[in-house]
Each structure stands twice: as structure tokens, then as C-alpha cells.
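**Student:** For reference, the structure I am asking about is given below.
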Number of protein chains: 6
Amino acid sequence: MRPSGRAANELRQINLTRHYTQHAEGSVLAEFGKTKVICTASVEERVPRFLKDKKSGWLTAEYGMLPRSTHDRMQREASTGRQGGRTLEIQRLIGRSLRGVIDLAALGERTITLDCDVIQADGGTRTAAITGSYLALVDAIHYLLSKNLITTNPIHGAVAAVSVGIYQGIPILDLDYQEDSEAETDMNIVMNEAGAYIEIQGTAEGHAFHPHELQAMLNLAKEGIRQLLTTQDQVLNHN
Amino acid sequence: MRPSGRAANELRQINLTRHYTQHAEGSVLAEFGKTKVICTASVEERVPRFLKDKKSGWLTAEYGMLPRSTHDRMQREASTGRQGGRTLEIQRLIGRSLRGVIDLAALGERTITLDCDVIQADGGTRTAAITGSYLALVDAIHYLLSKNLITTNPIHGAVAAVSVGIYQGIPILDLDYQEDSEAETDMNIVMNEAGAYIEIQGTAEGHAFHPHELQAMLNLAKEGIRQLLTTQDQVLNHN
Amino acid sequence: MRPSGRAANELRQINLTRHYTQHAEGSVLAEFGKTKVICTASVEERVPRFLKDKKSGWLTAEYGMLPRSTHDRMQREASTGRQGGRTLEIQRLIGRSLRGVIDLAALGERTITLDCDVIQADGGTRTAAITGSYLALVDAIHYLLSKNLITTNPIHGAVAAVSVGIYQGIPILDLDYQEDSEAETDMNIVMNEAGAYIEIQGTAEGHAFHPHELQAMLNLAKEGIRQLLTTQDQVLNHN
Amino acid sequence: MRPSGRAANELRQINLTRHYTQHAEGSVLAEFGKTKVICTASVEERVPRFLKDKKSGWLTAEYGMLPRSTHDRMQREASTGRQGGRTLEIQRLIGRSLRGVIDLAALGERTITLDCDVIQADGGTRTAAITGSYLALVDAIHYLLSKNLITTNPIHGAVAAVSVGIYQGIPILDLDYQEDSEAETDMNIVMNEAGAYIEIQGTAEGHAFHPHELQAMLNLAKEGIRQLLTTQDQVLNHN
Amino acid sequence: MRPSGRAANELRQINLTRHYTQHAEGSVLAEFGKTKVICTASVEERVPRFLKDKKSGWLTAEYGMLPRSTHDRMQREASTGRQGGRTLEIQRLIGRSLRGVIDLAALGERTITLDCDVIQADGGTRTAAITGSYLALVDAIHYLLSKNLITTNPIHGAVAAVSVGIYQGIPILDLDYQEDSEAETDMNIVMNEAGAYIEIQGTAEGHAFHPHELQAMLNLAKEGIRQLLTTQDQVLNHN
Amino acid sequence: MRPSGRAANELRQINLTRHYTQHAEGSVLAEFGKTKVICTASVEERVPRFLKDKKSGWLTAEYGMLPRSTHDRMQREASTGRQGGRTLEIQRLIGRSLRGVIDLAALGERTITLDCDVIQADGGTRTAAITGSYLALVDAIHYLLSKNLITTNPIHGAVAAVSVGIYQGIPILDLDYQEDSEAETDMNIVMNEAGAYIEIQGTAEGHAFHPHELQAMLNLAKEGIRQLLTTQDQVLNHN
């Protein structure tokens, strides 16, 4: 039995709320159970220096946690003066994941920044961030289309993410904090709507995991991501 | 006529929501119209080095803005590697304001940190932060009392804050962003429940302001803060 | 009786020495009793990026303290790698105060930087810095006029600053360090020659201050600043 | 045909040279073809603060590249003042990989730091770093055993790493820089001697990769790592 | 003929003013012509970590320039966030020079910090700083002796410094800024009262210098330092 | 008798290996006994801002030590976030020394960066770095000539460096770490092929050194550098 009482292949309650704040071109509150992440997509009419005169746009991501989004208060990274390794790792992952479904040349010479800020953390913040950022990105693209700043949609796929792990020998889906901290293996999977992988990141915590365990986790993730993609679809078609 | 359509002495819609997030000992969402600030109070059983063996507690504050809480995206301070002067100024103001209503010796050798994070900005973020932080502080103290970590309440007053300004020659209360950016004078007032000042910070933007203008602004602030203190009271007595 | 033996409304000995160092376009040693601040005004033929092509000049200020300007040695901010919150707060105050008396468009596309460095501290360093910086600014403008770099004087007012406070229940003027560290309230007032406020910053230290105390402090400040403006005038007309 | 002319399942020439520098307790030059990484293991008789009084040792890793280890000169991270996201990500990966084969409690209250410095880069620096660091770690443990600082060997497994990818639709093993920069997918696999996974990190570059492609890459990696483990063994038994 | 009109072996007007500021245990204004450096010696009853329990004191130095001590305004190092290489080099030189005349064990477990801040620069700031710091150090030691914190004087020699150079082929003493910027060679010499070298730092600017030129510069420096030591002596014996 | 067993005027075994790594335009491994430094020269087709439109090239140097190049592990400067004073001092010395033998105008508007990274330290790393960098620079210039990017050789001299010191009263040449740490005086000399000085840096450690000791050290250095220049020549003419 999982600490959360869920079935091994059961997602937490997923809520994706669009238009959560008012200034950003896309703004989504992504909730995976008690995990809450604000994902905003901001459009800026400039590109980083390395893309100057390259006829291409850019998409990047930043990630942060409010100091008391966690059980114990964490130091504010703005105050310590540097983003930690975990933060940089996660924001690089979010950026790659979203770049996996957009044609940057078709975006034009502009930058979309996805800011993922964790308001409350209970495990799976990076997968909630990716899943919510996709919707924020879609809304930012809708904004550009509605303003005739672009004429064709540069998004060529949908993307969602979920965590899987081995808990007391059993593969489980969408770990909350308690499950995650006791899991022997922790893996994050990012997939597109065609069932292909954009990112796989698996880490043995307690013991190394075997190929059949990997396969079981991949199967769970596939099913979970299919549900997340469906939820995204419903939210987009709702209003 | 103010851009917001409000009367000169009219506050925006004020909402103070307690227990907004789950981990912090106190957690309040403070809304002054469209301005939304999450205020958490975190208790830690340690004091900063300068209070070592001084038989005193400490209270401090930190302030941040989500990068897209504003109309245009701001750079993330964690990423630039330093908190700007405005941030430091505001968090010092919040800290002093709340220290104005607590007896640090009675708090015992522990630290309360008030984290004020702006989710959406529309003017008056620092006054919303102070007004909300007071409630978060009260809840954190209730937590300490309920755990018998302290036996007497170290809070000896209530505190709230509001902005006032001169807009097109007219003193007005609780400026939103548009009003603030066009105001000739901008002033933030922090008062306690006895009508005494804890902080006054006034800045001439367009032209220097005269003593009678100062007096008119102080009168507006007094009335506004009286209403804010009443709202705090209602929220505390509600549940 | 004040620790300094002065009457409640008595300034310390004020000395403002122009042409104190040789390289800067304006250079003033401002002495408020034992407090000594070197204020230099430097002209540079460039503007910060945010004013590019805006047909406007800029005025900014920086503030520092020599490590042993204080009773105990302070860490050198260049060595710790960041300017503290107090430093940033003071230099922002100085900048706003001086921008309050200059027409930046009439200055032309150039920057004037006021560097205020405390050689010896005994309370009131920020008010000495503002009062001295005004003279340094005037000399820098004279330099620009004498070189025909500008043809009309962009300065449209005079500015001076003084501190006031409540010491053992009595409002007093121009606090030295000992008085300041024991005061219940500390307030800095910046005024122009028309008796209008450019900045008001008041902080309750021991107890919140009442409207009548505020009024008494404002009255003291008005008188003190009138004397400081007279001294500035005399120094400017002397050579 | 691969740019390198190798068969799809062919490793580059692997050289692992122990005792490469003289000061470190373990020091290995790891060469994967033209990629050269110096891996040193340093023993220090202290633990980080979070392990104070926990009766446990620690193992951590740091990674760096000489500025001209790459085709174009990179900025020196010591000079820019911060380690980039890629650096932090790699050194965290190395640390986790090596912690996967050591019992930290059995190590005693001391820290082993693995420094992996790239002298020449041609793809696969992180996998060379992990593979070489294992030998450096073994030598550092031998040092501790020989000095009777520990009496039982805390290493409970062997570890090696290799990269795999999809190049022009074909899964290939151990990519050099040219292959890596043109690959559609890039994956790093860390395994132990039992064929179980310690880390899997796969990233789609050009297009998302399908489950059967993932499987093919995992098969290649398994075979490559088997060979690397054999080479490690030979080098350890040689002298 | 030198630009300054001085004879080749002629020092500038040297003024060493003790008790220049009031807080430091030693405080000296060192003037070499127009070059003005405030040198303070601060005593702190602690030692750096590397001397913990070593029964030794420590002496260190810090150096800074006011932003407009120079002809063109320099960026403030506190604002850029790091001390430049020149600053670090100079403060290390000052520290080594003064440690050359003090017995740190006899100082007891305390630290003396020499802060050398340039108020006005016209060449030779580091040599003025060393020459003035010696007097500040002597006064700080007198303070310790007068308080009976130490009973024997740990200073075992006197130290002064001067610059020499080759200007248009002629060796000259004590270069001002204009001479220094046109010199082909620039050398700083630190000597004790016995005529022995504590530091020699010579740099060819325009062309490499020959052994006979080196010898001529050393001769000039010896004579100049003899005069500086005499001036120090007179100032110490004056009051 | 020196700890190393060498004669007072005897260099360590000197090896200078060209083409040590493959990417840089010049790449040399410089070995002075057990001291090993990789020196690379990188050509970039840009100049720093201060040389913009000045029709001149630039040459600069950076220096670093692998964390375990030393007996005890040093903190990685990339990780601490700043280069220490010693590092900055050494890289400034290397830069000046090499600029002493090149005509920057003849180099054209490009920058050559010499990166000197210490793989193993046993005293004299800066002198090995200078001596090796000269060869790396020569190779980088050969590259530019061979590509017809420049048509005349801007190098107008050869340069090498060596350390000398006083050990137990005896002047000795080319100190290793043990000798250096026990020496009473430590001096680094940089000379060109004409026997003229480019840099002299001498520091008294234990006691101040006398003119006749200085002379003896200079004599030793001259002879040592003559041998180093000969070795450079042989290596350049070998292939």
C-alpha cells in the first residue's frame, strides 16, 4: 500500500487552471495534488545574443521555489546569490522539454520565457511545471496569432511529464513527497502525444534498478502521461 | 476623477486569506485589488549570530516578485545573483514594521521569517505585504502558543500599512499601478492600532510637496489603516 | 539635556568645504560636527542604457563608508562582494533628493554621479551627504556652463537635509551617533528652498510616534534646513 | 557509416592510467579516444555540516573543463564567477553515480572528493569522468585501508558509464563530439557490474525517440559498459 | 627635465599626519605630493581561522580608491561586486611589507587590519600607503601597550616604500602620475631601517631594463627611503 | 645542501612539450621537475572593449590550479565564485611578461589568451607558466602566419622565467616546493634573450635581504634563464 493510499498506477488529482494571473501572455496554475506551480509564458521581442541574425526564436525556462513552499524553510536563492544545482538542472529540463514541441524558426525572432514558480511543494514539481508550461505556451502562441505577430502555429506537438518510482519494490506513478523520499528509484519521464520520449531521467537512490523495473516504470509513465495529455486537451477546449 | 474610478479616500477591495499554503506556521494571501502577495511566517529554532546568548528572538522579512507578476517581465533576482536596492529596501521596511509590534525577548531564542512574494503586482505591494504579514505573524504565534513553546503572547499591537499620494493635485488613498506611476508624490504609512506611526516614507516624484499636502495624505492614511485593521480583526475572529 | 549638550533645536557645527579634492568636477567635504563626508560630482558624457535616445541626462549617487569610519571596524563592501541594504537605501535616497532639484532634459545626454564617502561617522551621514552633494552638483554644473557644454543652468532649486528624532520624549535636531542610538524615533527630512518636502523617512525605534510628535519633528527640521540652506548659500558666494 | 568510421557498437580506444599525478590519494587519466579527463580522489578528515554527528562519511564530485579543452575557447568559470548549469548537472551526476557503489557509513566520518578536469574534450566527458573516477576511488580506498584508517572496504560494486545515441536513425555507442553534435538523441547510461542502472539520462535533440529506439540504445550501452568494466578490472589487476 | 620639475633624486613634499580620524587605534594621512591616502590601523580581538589556537596574532591590509580619487571616475568595487586584480595585488603587498617588521607571536591572539583608502591619486599610492601604514601601526601598538594588552613592543623595525623608474632613459625617484604613465620602467621598493629589502617589484613597460639601470634605480630608492624613514621618525617624536 | 640535492645553481629537469593538446593554436606542457603546467594559446578574432577601433591586438593570460594539483586539496575557484589574489597576481604577471616580447599593433585586431593550468604543483608554477607560454605563443603566431592572417611576425624577443631564493643563507636557483616553503627570500625573475629584465618580484619571507644577496640571486637567475632560453630554442628547432 502506498502512503498516499492511491493505486500504483493512479495519478493525484490534477488541476490545470488557465489565465491564473493577468499580466503574462500565458499563465497556468498546475496542481498535482498538493503540489502547486504557477507557470507563466512571457513573450519578448528580442533573442539572446547567440541567436542574433539567425532568423530564429528562442524558448527558455526558469524555475524557483518560494522559500516556504517546502516543509522546512529553504534559503531564498535571490538572497544567497546563486541558483543551486537542482534549480539549474530543473529549469534546463523544462526548457528542453518545451523546445521539443515548438519550431523556433517559425516563432520568429522573439523569446518565450517559461517561469515556473512553486507555491507549494509535495513532490513532482518539475513534472507539474512541464505539464502546466505546455498550456501556458499554447496560450502565449494564441496571443501571438491573435495579434498577427505570427501567422502559423509553431507548436507541432503536445508534451506532458510525470514521475515514476520503485517504492518497497513496487513500481508506482506520480510520487508525492513522502513516497519520493522513501523511494529506491526516482524517474521523470517527458513524452509527447505520439508516445515518444523527449526526456528520461532516472536515478537509483537506494539500489540500482534492473531492466525489468525500468520497463515497468516506463509502462506506468506512458499511461499517466496519456491521462495528463487528455486533461490538457479538455482544459484547452473548455474555454 | 481617479483612473480607478474610486473616491479619493476609497480603498480597493481588500481580501486577506489565512491558511493559504500548508507548510508555513502562518500563511496569508493578501489582496489589495489586483495586487496579490503571499505572506508566510516561518518559525525556526535558532537566532542570527549577532543575537547569540542575548536571550532574545528575532523577526526578519524577505520580499520577492515573481518575474511576471509585473506588466513587463522582470529579471529573476536569483538569476542575476543579487537582490536589487528596491527589494532590500522593501524587505527592511517590512521587517521593521513587524518588529514594531512584537516583544522579541518574549519570543524566546527563535527566529520568525516573513516571506512576502508578489504573485501579481498592481501597486501597493509593500503595504499589502505588511498588512498580510501581520496576520501570518499572529498565526505563527498561535502555533507557538498551541505547542506550549511560549506561554505568553509577545505581540503587543496590530499593524497595517497603506499608500497615499498626490494625483493631479488631489490627495488619494491606496494607489494602483497606473495611479502610482502618474502620481506627483508617493507615500507609504505604517501605523499601529493606537493611531501612532511605525514608519513614514514619502517621496516627491514630480514636485516637492507642501506641509498641507502632507497633512492631507496623513489624514487619508489614518482612515485607510483604520479600515485595514478592522478587516484584519474580522478575518482573525472569523475562524 | 542632550548627550551632546546642545539645545534641542541646535545644529552641530556645519562646515562645507568646496574644491576638497582636485580631479572631480565638484568636490565638497561636508562636516556635521564630527561626521565627515567627501561628496564628489563626476560628469560623464554617456547615459545609462534605459535613457538611450531619450534626450535626457541622468543623475545618480553612490555611498560608501571607509571601514574604520565607524567606532568598530566594518567589513569593506568591496571585499564582501555586495553593497548592503543600508548602503543601497542611502544611495537611492541621495539620488532621488538631488534629482528633485535638477531638470534632467536640460542637462543633456550626460550623467552626473555623486559619490558620497564617509571618512568619519558620528550620526547623520546621509543628511551631510545630501547637503554636501548639492554644492558638489552646483560646482559640476558651473564646470559644464564654463565649458559651454550646456548654456542654461538645469538646477531649479536648492536642497538640504537634516535628521530629527525623539530623545527621552523630547524632539531634537541633528542627532549625533550617541543620540541616534538611544532615540525612540529617527527621521530624515529632505527639503528644498521653498520649504517643500522632497523626502520624509521616519522610523519608530522604541515606540510608535504620535501625530503631535511628528509635527514637532517637522517643525525642528524646517528650521534646521533653513539654516543649512543659508550656509550653502554663504559658501557658494564666498568664492 | 559513422563519422568516426567505427562500427555502431564499437567503443573508442579506452585508456585508464592510474597514479597519473602524485599528490592525490587516487589519480587517474581517463581517455575515451581523444577525450582526456584527469580524475583525482582526495580524502579529507571532515564531513559537510549536514552530516555532522551522523556517523557517516560523504562522497562528492566536482567537474571542470580547461578553457581550451574545447574547439573554441570557453570562458573560465573561475573568472565568470559561477559554475554553469551544465557543469553543476554533470558534477551532481558523477557524485550520485559513485555514491551508488559505496557504503558511506563504512567510510567513516571523512569526505572523498572526486575532481574531474577535462584536459581535452571530444564528446563523452561525463562518461569518461565516471569511469575514471571509479578507479580513483578504488585507489583512495586502498590508501585508507593501507593506513588502517578503515578496516573494511566500503565499496560494494563497480560502476562505469557510456553514452549512446541515434545518429541518422541508427543507434550508436560512445559518440565523439562530431557524432554527438549531429545526433538526434543523446543518452548517458551509468551501470554497475550487476547490469543494473544507477542513472539514465536521455534527451531528444532532433526528434522524440520511440520505445524501440530506447531499447536498442540500452542494449548497446549494456555491452559497452561490460567492456569498460573489464578494462577497469584489468587496469586494477595490472599493478 | 622631469615633468614635475623635480631633480631626478628628489622626493615630492611628504606629509604624514597622525591622529587623522578619531575612531581607529592608529590613523594617518599620508601625502606624497598630491597623492593622499588615509591609513588606519584597527585592532580586533580575534584571529582568522587558519591561526586558531596557534598562539599568534595576524596583520593584514586592505586597499581601496574613492571612485573619483582618479582623473576619470572609476567604478566602485563595492558596486561591481569584486575587488580587481590591481587592488588585491596592492593590499597583499602592503600586508607583507608591514608583517616584515612585526613579531606576530608577540602581538598575541589579535588582528591588526591596515585600511589604506586613497582620497586623491597622483602616482605612488601604494608606497604612500606602506609609509603611512607604518605610523598607523606604531600608534596601534602604543594603544595596546598603554592599555596593558601587551607588555613588549612586537615591532622590530621600521619600514617605508618609494617608487623609482626610468623616464626618457633617466632613472628618477618618486614618480607622479604623469611621470609614471610615460615611464619605460616602474619599480616599487620596500626597505627597512637597516637598508635591507622587504619587497622589490619592477616591471618593464616600454622596454626591458638592463642590470645597470636596475642598479641606478636601487640606489635612488635607497636614498629616498632613508629620507622617508627620517620623516617618519620626526613625526613620531613630534607628539 | 639543498633538500633537492641539486647544486645551488642547478635547474630541475626541464621538459617543454609542444602540441600537447589538439584544439589550441599553441599548446605546451611545461615541466620544471615535478611541476607540470599546461599552457595553451588561443586566438580569437576580437579585442576587448578598451581597444575598440585602436588598431591594436591584445594578449592576456589566465592561470588556474587543478584542486588536487597541490599537496592538500584546494577549493576550486569556479566553485567559490572568485579568483583569489594569488591567482590574479600570477595571471597579471604572465600577461605582462608575454606582452613584453610582442608588438600588439602588428598582431592586428585579435586577442591571444594564454591559459596556464597547473596539473601538478611542486614550486615555480608561475615561472614554468611563463617559460611554456612563450612557446605556445610562438606556435599561435606560426598558425596566424601560415593562414596568412598576418604577414610579419609580431614577436620581437624571447622570454623565460625562473625563481631564485635564499635558503639557509645560500642563494639557490629554481626552488621546488619544499625549498620554497623554507626559504627566507623568494624572487621571480623574467628576462628576455638580451639579458634585460621584464619583471622582478622579490619578497622577504623570514628576514629582509641585503643588496649583496640580491646581486647573488640576480646572477643565479641570469644563468638559469640563459639555459631555459636555450631549451626553448632547441624545442622550437626540433620540429
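Cβ atoms here come from the backbone N, Cα and C positions, even for glycine.
Not my notes, these are from TrEMBL:
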BINDING   C:R86, C:G124, C:T125, C:R126  phosphate binding site
DOMAIN    C:10-140  domain 'Exoribonuclease phosphorolytic'
DOMAIN    C:158-224  domain 'Exoribonuclease phosphorolytic'
**Student:** Around the recorded phosphate site, report the further residues of that chain (criterion: Cβ within 8 Å of the mean position of the Cβ atoms of C:R86, C:G124, C:T125, C:R126; site residues excluded), sequence-ordered.
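**Tutor:** Here the nearby residues are C:Y63, C:I90, C:V118, C:A121, C:G123, C:T127, C:A128, C:A129, C:N188.
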**Student:** Tell me whether C:G124 (phosphate binding site) sits in a helix, a strand or coil according to DSSP.
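**Tutor:** In the DSSP reduction, C:G124 (phosphate binding site) maps to coil.
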**Student:** To what whole number does the mean pLDDT across the domain 'Exoribonuclease phosphorolytic' (C:158-224) round?
**Tutor:** 96
**Student:** Let's see if you can do this one: DSSP helix, strand and coil counts over the domain 'Exoribonuclease phosphorolytic' (C:158-224), in that order.
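**Tutor:** Tallied per class, the domain 'Exoribonuclease phosphorolytic' (C:158-224) gives 20 helix, 30 strand, 17 coil.
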**Student:** Mind checking how the domain 'Exoribonuclease phosphorolytic' (C:10-140) divides into helix, strand and coil residues in DSSP?
**Tutor:** 42 helix, 41 strand, 48 coil
**Student:** Looking only at C:R86, C:R126, which of these binding-site residues has the biggest number of Cβ atoms within 10 Å around its Cβ?
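**Tutor:** Sorting the candidates by Cβ neighbours within 10 Å, the top entry is C:R126.
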**Student:** Among C:R86, C:G124, C:T125, C:R126, recorded phosphate binders, what is the largest CA to CA distance in Å?
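**Tutor:** Between the most distant Cα atoms of the phosphate site, 13 Å.
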**Student:** With an 8 Å cut-off on Cβ-Cβ distance and a minimum sequence separation of at least 6, pull the same-chain contacts of C:G124 (phosphate binding site), or say none.
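**Tutor:** Same-chain residues close to C:G124 (phosphate binding site) (Cβ under 8 Å, separated by 6 or more) are C:R12, C:F32, C:G33, C:T35, C:V162, C:S163, C:D174, C:L175, C:D176, C:D180.
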